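> Pasting the relevant annotations from TrEMBL:
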DOMAIN    12-437  domain 'Nitrogenase/oxidoreductase component 1'
BINDING   D36  [4Fe-4S] cluster binding site
ACT_SITE  D305  active site, proton donor
BINDING   G440, M441  substrate binding site
Amino acid sequence: MKLAYWMYAGPAHLGTLRVASSFKNVHAIMHAPLGDDYFNVMRSMLERERDFTPVTASIVDRHVLARGSQEKVVENITRKDKEEHPDLIVLTPTCTSSILQEDLQNFVNRASFDSDSDVILADVNHYRVNEIQAADRTLEQIVRFYLEKAKKDPTFKVDKTEKPSANILGIFTLGFHNTHDCRELKRLLNDLGIKVNEIIPEGCSVQNLKNLSKAWFNIVPYREIGLMTAVYLEKELKMPYVSITPMGVINTASFIRKIVEILTKNNDLNLTVSNPSEVISNSEFYINQQTKFVSQAAWFSRSIDCQNLTGKKTVVFGDATHAANMTKILAREMGIQVVCAGTYCKHDADWFREQVLGFCDEVLITEDHTQVGEMIARVEPSAIFGTQMERHVGKRLDIPCGVISAPVHIQNFPLGYRPFLGYEGTNQIADLVYNSFTLGMEDHLLEIFNGHDTKEVTTKSLSNDHNFEWSKEALEELSRVPGFVRGKVKRNVEKFATVNNLHSITLETMYAAKESVNA
């Protein structure tokens, strides 16, 4: 464990709370000290929802430390049961309160006797997993709990819908453009004649989880959450699943073909459509029409605007799903060089490396944002596609950045329609890519006039065209500057040298340049 002022994925309890607060009529009790209870504020601010976040903090204070937490936790659970009448109450500790090593399962068992609601303890190791892994595990735990509960009912049986249907797994609160992606997925499935059975956890009642078995197959749009649930449902109910993310023209077509394969080939449940050849033919016609007339990305990739981006270097970093798919879109659909692709999902590193193999020059797997900043400063890309942290790094280095992944910011909850998935998503991504680069005429003007304002801009690149001779002492001083700002410092010094008609840069030149910036 180490102190950090930025984390790509938060502590485990955030993942549990995100899943619990996504379900309808589910309440979460967070056993935590003051300071760990910021989730309510964060969710209310970002999601712009009218309802209160259904999370209550059972505060660990000096009184609890003196006589134990049991009475307080049980009282909070039973009180919320009487006040809110939820279908389910989820108790979760935080990594801080876990230090107390209390028997929280015993608290849950005791509270269950006095509560009409179902009460469970989040089965998550808060020291071994992060927010993403905990969310995936919590969703699977809740689904398993209610399916096992349904199986105890003698009247329960697995009845499939008459027409093809699907469950969408993993749409939840504080997800990156999740609401927009879900809407686009529903439109795509509707065009294919497939009914959406259940969407979990966002807006779903836990009482409806027993209906998951009615669908013909499951869709997992993001690997970060929903994959464990899909694997469990495949094992228990023999339900196939599609884990191809329909992001980009090629992957969206692959996603549709995988669905058609499930519908037209015999599977363990012997569910197939009555006219498989017609379904295949219609799906290929649909892919062709959408690619030509709805998605503009294929046309754009052949346009002179996109061809102007050929040869430009980019860096991609984010969660495994978005970073891998964005890398493939840039490399094979737009012909843009990806010098480095990376993810902070270390638990999914093998899958990520397999996906980006052949599409990038270098792979970076890290949770340390300083390593990402050092890499960006080293390769000096023309544009970055990453998280909010990479956007800040780009600002320091004067490199444009398009945000393509969580962690989320208020900017990632647009009021307009901005999906990243499906055919409309291809248009949004094409716009994002093109607008993230310095545009053609702007680039031309910068080359001719050395910037829009010649008093302020002397070069558009990280190093200008002058061949300055750096002294040994100056280079040593430059090497001591942190990597994520080293390029900017170098540019400022060379700019100062250009203005003052200096051909060599000494230690004194660097100090003078620093004083001129601070003046």
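Cβ coordinates are placed from backbone N, Cα and C, and glycine is handled just like the others.
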> Which has the fewest other CB atoms in a 10 Å radius around its CB: D36, D305, the listed recorded positions?
D305
> Return the average pLDDT for the domain 'Nitrogenase/oxidoreductase component 1' (12-437) as a whole number.
91
> Rounded to a whole number, how many Å is the Cα of the residue listed as '[4Fe-4S] cluster binding site' away from the Cα of D305 (active site, proton donor)?
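Counting only the Cα atoms, the answer is 48 Å.
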